[in-house]
Amino acid sequence: MKHLHRFFSSDASGGIILIIAAILAMIMANSGATSGWYHDFLETPVQLRVGSLEINKNMLLWINDALMAVFFLLVGLEVKRELMQGSLASLRQAAFPVIAAIGGMIVPALLYLAFNYADPITREGWAIPAATDIAFALGVLALLGSRVPLVLKIFLMALAIIDDLGAIIIIALFYTNDLSMASLGVAAVAIAVLAVLNLCGVRRTGVYILVGVVLWTAVLKSGVHATLAGVIVGFFIPLKEKHGRSPAKRLEHVLHPWVAYLILPLFAFANAGVSLQGVTLDGLTSILPLGIIAGLLIGKPLGISLFCWLALRLKLAHLPEGTTYQQIMVVGILCGIGFTMSIFIASLAFGSVDPELINWAKLGILVGSISSAVIGYSWLRVRLRPSV
């Protein structure tokens, strides 16, 4: 029990559990003895009905759309705290992750197109390396425990949120044909209600969560990635203390263990089980995986580093206090972990064209993401001193 308590008290414990869950999923998805059970579990239908409203999704989508909205709620709370009171409190500091995210989307896409522009079919996958899997990127960072300055974690969160918002916009504009404007209208009303609650000084967290559920349902029905609702709710929950209590900080404290030890490991288990059937190393010589690997492994850190350097030179932004430019470069490498978000975009780009293209894309995403994780983790482990 003493060793167990020590493990869960460690800052790295959440990241370790997430990686174990991901490895277990890969083994089960590619083992003849367990692959059937694994996929049956993910395809288990779960239905929720309230009056005439019905949400009928399989287990995988409930994990990705519902549980991960809670993760994004926590991320929204943490980023808001830093924007209001912490390392991103000034306009130029807050602009830094925005500029970094823009570079981290543009350069990987251009690098991918450098390989695939001549092929009108594979060209459609240009957005694949522009995505970052925030959960796995933070999971790798968590493996370093207390070595990692909080400000660096917040910078990665802020950058990845903007990256995810960019990916959601890209999906909506280029890969979605059936957006529901009525549902988007309901979502807009829910956001307006959240704003009014905040302006009126309402401090009951439950009220925000209730409106957040309406917002999540509307965003889900609209065809846009539903996890976006979590970030929005997090930004509206009051942060200021009154009588020594802050609703945002209190909720952040409550959510953290649930996210670290249940939601993120479940997400990893549900999404890391990529079947390697039909995937061969010979495919690495094709322009599709080469473009993805180049975009994730080279384009991400290059784009983030270049745009950050330009922002500093032109005095458009400031480095977050307590960080170095070299640390920002390594965060750029970790942002090359595209994984589930990249696989999702690949399925949208090639799902109706050729299943073999999806296999090649998966190969490129796995190689690029794993390489980014290993290099980023190793570099930070060498450069960051353990806290005493």
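Cβ coordinates are placed from backbone N, Cα and C, and glycine is handled just like the others.
Per Swiss-Prot, the feature topological domain 'Cytoplasmic' maps to 1-11 (among others); the stated evidence is sequence analysis.
Residues 37-39, 135-136, 138-145, 260-261, 264-266, 268-277 of the same chain lie 6+ residues outside the transmembrane segment (12-31) yet bring a C-beta within less than 8 angstroms of a C-beta in it. Taken from Swiss-Prot, the feature transmembrane segment applies to 12-31 (among others), supported by sequence analysis.
What Swiss-Prot records for 32-58 (among others) is topological domain 'Periplasmic'. Per-residue pLDDT, averaged along the topological domain 'Periplasmic' (32-58), amounts to 86 for this model.
If one looks beyond the transmembrane segment (59-80) by at least 6 residues along the same chain, the residues whose Cβ comes under 8 Å of a Cβ in the stretch are 41-46, 88, 134-135, 154, 157-158, 161, 212, 216, 220, 225-235, 237, 239, 248-249, 251-252, 255-256, 258-259, 263-264, 266-267, 270-271, 340. Per Swiss-Prot, the feature transmembrane segment maps to 59-80 (among others); the stated evidence is sequence analysis.
Among the features that Swiss-Prot reports, topological domain 'Cytoplasmic' is placed at 81-96 (among others), with the record citing sequence analysis. According to DSSP, the topological domain 'Cytoplasmic' (81-96) comprises 11 helix, 0 strand, 5 coil.
The annotation transmembrane segment is assigned in Swiss-Prot to 97-116 (among others) on the grounds of sequence analysis.
According to DSSP, the secondary structure content of the topological domain 'Periplasmic' (117-122) in residues is 1 helix, 0 strand, 5 coil. What Swiss-Prot records for 117-122 (among others) is topological domain 'Periplasmic', and it gives sequence analysis as the kind of evidence.
Among the features that Swiss-Prot reports, transmembrane segment is placed at 123-130 (among others).
Residues annotated as topological domain 'Cytoplasmic' in Swiss-Prot: 131-154 (among others). Taken residue by residue, the topological domain 'Cytoplasmic' (131-154) breaks down under DSSP into 17 helix, 0 strand, 7 coil.
Annotated transmembrane segment per Swiss-Prot: 155-176 (among others), in sequence order, evidence recorded as sequence analysis. Sequence-distant contacts of the transmembrane segment (155-176), counting only residues of its own chain at least 6 positions beyond either end whose CB sits under 8 Å from a CB of the stretch, comprise 72, 75-76, 78-79, 82-83, 87-88, 94, 96-98, 100-102, 104-105, 127, 130-132, 134, 137-138, 141, 223-225, 227-228, 231, 304, 320, 323, 328, 331, 334-335, 341, 345, 348-349.
Residues annotated as topological domain 'Periplasmic' in Swiss-Prot: 177-180 (among others).
Annotated transmembrane segment per Swiss-Prot: 181-200 (among others), in sequence order.
The topological domain 'Cytoplasmic' annotation in Swiss-Prot covers 201-204 (among others) and is backed by sequence analysis.
Positions annotated as transmembrane segment by Swiss-Prot: 205-222 (among others).
Long-range contacts of the transmembrane segment (224-236) within the same chain: residues 64-66, 68-77, 79-80, 161, 164-165, 168, 171-172, 176, 179, 184, 187, 191, 194-195, 197-198, 208-209, 211-212, 215-216, 248, each at least 6 residues beyond the stretch ends and with a Cβ under 8 Å from a Cβ of the stretch. Taken from Swiss-Prot, the feature transmembrane segment applies to 224-236 (among others), supported by sequence analysis.
DSSP states for the topological domain 'Cytoplasmic' (237-253), grouped as helix (H, G, I), strand (E, B) and coil, give 7 helix, 2 strand, 8 coil. Here Swiss-Prot flags 237-253 (among others) as topological domain 'Cytoplasmic', drawing on sequence analysis.
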Range from 181-200, 205-222, 254-272, 340-350 with the greatest count of C-beta pairs under 8 A to the transmembrane segment (123-130): 340-350
Winner by Cβ pairs under 8 Å against the transmembrane segment (287-310), considering only 97-116, 205-222, 254-272, 340-350, 358-380: 97-116
Close approaches to the transmembrane segment (358-380) from elsewhere in its chain (Cβ under 8 angstroms; 6 or more beyond its ends): 125, 128-129, 133, 136, 140-141, 143-144, 147-148, 274, 276, 278-279, 281, 283-284, 286, 288-293, 295-297, 300, 327, 330-331, 333-339, 342-343, 346-347, 349-351
Tertiary contacts of the transmembrane segment (340-350), as residues 6+ beyond its ends and Cβ separation under 8 Å: 64, 121, 124-125, 127-129, 131-133, 135-136, 164, 167, 170-171, 175-176, 267, 271-272, 274, 292, 296, 357-358, 361-362, 365, 369
Same-chain residue ranges lying at least 6 outside the topological domain 'Cytoplasmic' (237-253) that approach it to Cβ under 8 Å: 73-74, 77-78, 80-81, 84-85, 198, 201-205, 208
